[in-house]
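Listed features, source Swiss-Prot:
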type     : residues                                         : note
ACT_SITE : C50                                              : active site, nucleophile
BINDING  : T49, C50, N51, R52, S109, E114, T115, Q116, Q120 : substrate binding site
BINDING  : G189, A190, G191, E192, M193, G194               : NADP(+) binding site
SITE     : H99                                              : site 'Important for activity'
Amino acid sequence: MHFVAISINHRTADVTLREQVAFRDDALRLAHEDLYETKAILENVILSTCNRTEVYAIVDQVHTGRYYIQRFLARSFGFEVDDIKDMSEVKVGDDAVEHLLRVTSGLDSIVLGETQILGQMRDAFFLAQNTGTTGTIFNHLFKQAITFAKKAHSETDIADNAVSVSYAAVELAKKVFGKLKSKHAVVIGAGEMGELSLLNLLGSGISNVTIVNRTLSKAKILAEKHNVSYDSLSALPSLLETTDIVISSTSAEDYIITNSMVKTISETRKLDSLVLIDIAVPRDIEPGIDAITNIFNYDVDDLKDLVDANLRERQLAAETIAGQIPEEIDSHNEWVNMLGVVPVIRALREKAMNIQAETMESIDRKLPDLSERERKVISKHTKSIINQMLKDPIKQAKELSTDKKSNEKLELFQNIFDIEAEDPREKAKLEKESRAKEILAHRIFSFE
């Protein structure tokens, strides 16, 4: 059995392509089932977000499994198999495990260390598990990956610092006010940066936000989309008299907020603090305003310094997390190898106990006059002899779980002791067939 991961992400395909290969939420369960029907696929999980579509699978043969996954993606989205090959990357074995761990912990995200992907990966796994397309290996591996990511985020500050300009703007406001929930904010500009600023403000707990834009209809559309208020640019002077935070991101040629405007409203505001954050280039807010008492003015350079410092902190945390991944891979491999070791040990014990039982039957026939106590003593001692004889072989078998050639050595081990253990691969295939029948039955009854 082999672990294969095929990923279409921000490194392998631009956003135009990624938009075309994203599964709708309501189509994911059926997608899991469709892929699982393929004989070469023993287990599968599909992750589909705005930045990546990935298929994780346990396959019987790497080349066959890889092809069927690529064919599945091609058919799902109307591409040729070669197109999927060109826009994706393939990871196998340890590389696939590393990829899963990096993705789940946010090391492979556009925004380094973001936590949303952890929830998305957890949801993808739970959906696959509930659909019936995971088995022994993925049920263990994905729980391991999720636990690893949670630990990575709790033990490092990788997600604690702002690494986008719009998010950093809100962080600067927090430095002045602390909690923002009770504050009023004005966002000037209804473009992409304006909407990102709005989303970060709402995410900080602020509900009282006003969108201001030169074109009122654009402000109205954005405001209604996010359930906030809106106003025209001409209302800005009066809004400045009562607001606490202003984030400006227009493409205006002249200053939107001037020194004279702020001096006028500062007399009305008295000692109330006002945070002005200018993320526009050219600037929307006239320089020098922060010389006025209780007016805090930040421009894009101030934000860049904060973002750069925070990114360095995240990169250091990412290096720490990445350094822990090899140990996780080793732990997974040892666990997988034990799947092959346990049946061998079980078969060895069964053979030994059968020999002991046959020996006791022979003793009973040849010494029929033994008392019950004498029989129990003999039985106890023969079992003790067997356990002592098995101690070292079992220890050696367990140590094979860390051996790269464990399959070959386990086969030799079985030949030496003339035992035949259950093959984990055959067991996985039988389990897959059973789950596939359950899925098919569920489809039939659901259709009816």
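Every residue, even glycine, has its Cβ placed from backbone N, Cα and C.
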Neighbour tally for N51 (substrate binding site), based on other Cβ positions within 10 Å of its Cβ: 18
Maximum Cα-Cα separation (Å), residues T49, C50, N51, R52, S109, E114, T115, Q116, Q120 listed as binding substrate: 15
Spatial neighbour of N51 (substrate binding site) that is closest, considering only the recorded positions H99, G189, A190 and their CA atoms: H99
Tertiary neighbours of Q120 (substrate binding site) (same chain, Cβ under 8 Å, six or more apart): L47, T49
Spatially closest candidate among C50, H99, S109, T115, the listed recorded positions, to G189 (NADP(+) binding site) (Cα to Cα): C50
Cβ-based isolation winner (fewest other Cβ atoms within 10 Å) among the binding-site residues G189, G191, G194: G191
Neighbourhood of the residue listed as 'active site, nucleophile', C-beta criterion under 8 angstroms, separation at least six: R18, A22
Residues flanking the substrate site, with Cβ no more than 8 Å from the Cβ centroid of T49, C50, N51, R52, S109, E114, T115, Q116, Q120 and excluding those residues themselves: G106, I110, I117
Distance [Cα-Cα, Å, rounded] between S109 (substrate binding site) and M193 (NADP(+) binding site): 20
